[in-house]
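Participant: Next up is a structure, given as structure tokens.
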Amino acid sequence: MDFDTILWSRSTKFLGRNKYWEDRLLRAKALGLNTIQTYIPWNLHEPKPGNFTFNGIANIVSFIQLCQKLDFLVLLRPGPYICAEWDLGGFPAWLLSKIPASRLRSSDPGYLQWVERWWGVILPKVAPLLYNNGGPIIMVQIENEFGSYGDDQAYLHHLVALARGYLGDEIILYTTDGGTRETLEKGTIRGNAVFSAVDFSTGERPWPIFNLQKEFNPPGKSPPLTAEFYTGWLTHWGENIATTDANTTAAALNEILAGKGWLMVEQILDSIMEQILVMMYWITSLISLRMIMMHQLRNLVTLTMLNMKQFEGLYKAFSNSNFHHCNPLAIRRVIQHYSGALIPSVPSNNEKIGYGPIQLQKVAFLFDLIHMMDPVDVAVSEEPLSMESTDRSFGFLLYTTEYVAKDNDDGHVLFIPEVHDRAQVFLSCSSKNKGVRPTSVGIIERWSNRRLNLPNTRCDSNTLSILVENMGRINYGRYLFDRKGILSSVYLDNNVLHGWKMIPLPFNNLNEIPRVDFFSQIAQSRLSKIIAKRGLEAKFGNISGEPTLYSGYFYVDEANLRKDTYLSFGGWTKGIAFINEFNLGRFWPVVGPQCNLYVPAPILRLGKNILVILELESPNRDTVVHSVDRPDFTCGSSKSNLSQQLLSHQHSVGL
């Protein structure tokens, strides 16, 4: 079975309602599933304070109605915190810029006022879709795995009261926590008001956890319900691709179903509906199984969905794939064995094709585009400001300052105590040689945070430029408050540098329209004409180290029509790719393991299709990208430089 997933669109003009929703749901039905569990990411629907959007791929009502049309029941997870390997656990990044800073996931009034406003918008929208109102929603979750984060019962009770006020008393509210006594003690609400569910992985024995679950529900009202059944793990950049043995997963599922774990929802609802065999979730366009996480791939769009976790203080960025490598047919056989209903046949795989090599041309240096920006977008401050403080949530932020430094035989030392997440450092003369390109002098990364040696420039005045990349906010754990950019003073030879300009490169949230759409302009060849007039094209040459934009095109003809494909970035270093203004995600083949990006057919056009990439470091020598018919996870190595740096960092902090 094919579980590739359609990506999110930055705007609604490409996809309208996600064209692969029904395809994915029918594949879920072919597994024997009859319930969808879906998150609602707050940051998707309110990218700016008060700017709510529920159109296109953000049309949660349309998705739930489609589930009902296809005879699915729905479990709804409206947050406000969802985790979900989603940027900031679903919280909008602008919460991090509020002064005084709110304590997320707590009964802090400053935080609760924003939650109350958000739920005051979203809950009335879904209330007509509750089961007791004739809709498919049978349960609504309160928060998510709170017992792994805090111990604020007042907060949980406040959320319950808020939910009841909008949804009424008939809907079943539930919490989900890890299957340990400590997490259940902290994250559950005892009594009849809220049902306590658990989650665990295939490596854990389910029935001891289900028996523990009973202690946190009223007697006789605790059917075994696992709201998250992990069948694998996620892949971080620099690691080997995570894999899961299908037979092990099938055996674990069999153990649950053999013990009547499938009775979970039926018993809660006093037998008013048929057996709910397996829980599944959907993250807007992403399908993976609630008990069996087995979708094949999603490109986590660079600006919005680059997710990460904090493991014992170590920052790790997820790659663009959420592979769990679990054979769905093995799962289907287990479900078929226990199901009394006829399971639909498996749909044919969507065809994948390769459109061949795509030759790219250099279009512009990133710094040249920045010089064309409207000054109103530039923030000025004596000390560096975070990305959130400049009213930006995603993408890059360029920091510039000027300094005068005497020549030292050993050069100079740059130190940034706190940078989130990856900074490329450039030097140029601000006093002479105006035509000389900025020189790349090194990279400072959050996970290694080394001091950087700067060369003597023999300039009266130097311009220091630091391009900071947001690689995604932490979504789980005690370091959740994860702002981006430079978060400390910057030191040159132990002296603080002052007088900073912050220039955003606004790779926006999925439902925001950027004020300056560089990539759209480049795709239409407008900027290349401007650059040519300014005489900049003659300066391209074979320069490495400076972020550069490349553009190319390929054709989709009537014979092939539009089919899913993959872009292979072998030979490139690191960057972002766009097709027809659609953000495909981040490529980083030198670190791996992911070599290519999935391209869903609906974003392609009959005729000419424009590919634009931002290469941050060194381009492919042949400046070519290949459109191929299959994914590839053989790039990089588990012994990559990134992995070595992460390992060294672990040792340095005593992990």
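The backbone N, Cα and C atoms fix where each Cβ goes, glycine too.
Automated prediction, rather than curation, is the source of TrEMBL annotations.
Note that this is a predicted model, so its numbers are computed, not measured.
Quick paste of what TrEMBL says about this protein:
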type	residues	note
DOMAIN	18-259	domain 'Glycoside hydrolase 35 catalytic'
ACT_SITE	Glu145	active site, proton donor
ACT_SITE	Glu228	active site, nucleophile
DOMAIN	384-505	domain 'Beta-galactosidase 1-like first all-beta'
DOMAIN	547-609	domain 'Beta-galactosidase galactose-binding'
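For the listed features, I'd like the structural context: burial, neighbours, distances.
Facilitator: Sequence-distant neighbours of Glu145 (active site, proton donor) (same chain, 6+ apart, CB under 8 A from its CB) are Cys83, Thr176, Asp177, Gly178, Thr183, Gly187, Asp199.
The Cβ of Glu228 (active site, nucleophile) has 22 neighbouring Cβ atoms from other residues within 10 Å, across all protein chains displayed.
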Participant: Which value does the mean pLDDT take for the domain 'Glycoside hydrolase 35 catalytic' (18-259) in this predicted structure?
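Facilitator: A mean pLDDT of 91 is what the model gives the domain 'Glycoside hydrolase 35 catalytic' (18-259).
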Participant: Using DSSP, what's the helix, strand and coil tally for the domain 'Beta-galactosidase galactose-binding' (547-609)?
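Facilitator: Tallied per class, the domain 'Beta-galactosidase galactose-binding' (547-609) gives 3 helix, 32 strand, 28 coil.
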